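Annotated features in TrEMBL:
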type: BINDING; residues: Gly82, Thr85; note: Na(+) binding site
type: TRANSMEM; residues: 43-64; note: transmembrane segment
type: TRANSMEM; residues: 71-92; note: transmembrane segment
type: TRANSMEM; residues: 104-128; note: transmembrane segment
Amino acid sequence: MSKAVLAHRSRVLAAVALGGALGSTLRYGVSLALPHADGGTVWPTLTVNVLGCFVIGAFTVLLAETERHHLLRPFLGVGVLGGFTTFSGYLADAGGLLATGQPLYAALYLPLTVLLALPAVVCGAALAGGLRTRSRRAPGTATGGES
């Protein structure tokens, strides 16, 4: 492996690691901000997963056609959002609900996450697409073209 390839991979790895640390810290902040009882409420995990899906939808659209720094995608996508969202936490919360004798809540929580997360991706992408289109228009014109 060449020195250039090794250096590039090292920079990508560092970007992912830094992003992951940031995303995990943000997730922890959400867990502190949202209430949870001894029985374990799923609101913090549900919130970060749905919000993360919204952001990944927007992120995908915004970066699809733009030239950005080559480390932005691994930093934000894999790092920050990977650290922020948590599939393992989602299932651990469901298991906790089962373990504390709340099978109905577990049965509702599992599909609720999917039912909210998928539209969140679509809404994030739609919002970002609309913002991108709007930003391409020149100020003061209806079409964005020159008169």
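Just so it is clear, glycine is given a Cβ too, placed from its N, Cα and C backbone atoms.
Just so you know, TrEMBL annotations never went through curation; they're auto-generated.
Long-range Cβ contacts of Gly82 (Na(+) binding site) within its own chain (separation 6+, distance under 8 Å): Val16, Gly19, Gly20, Gly23. There are 21 other Cβ atoms within 10 Å of the Cβ belonging to Thr85 (Na(+) binding site). Look at Gly82 (Na(+) binding site): DSSP puts it in a helix.
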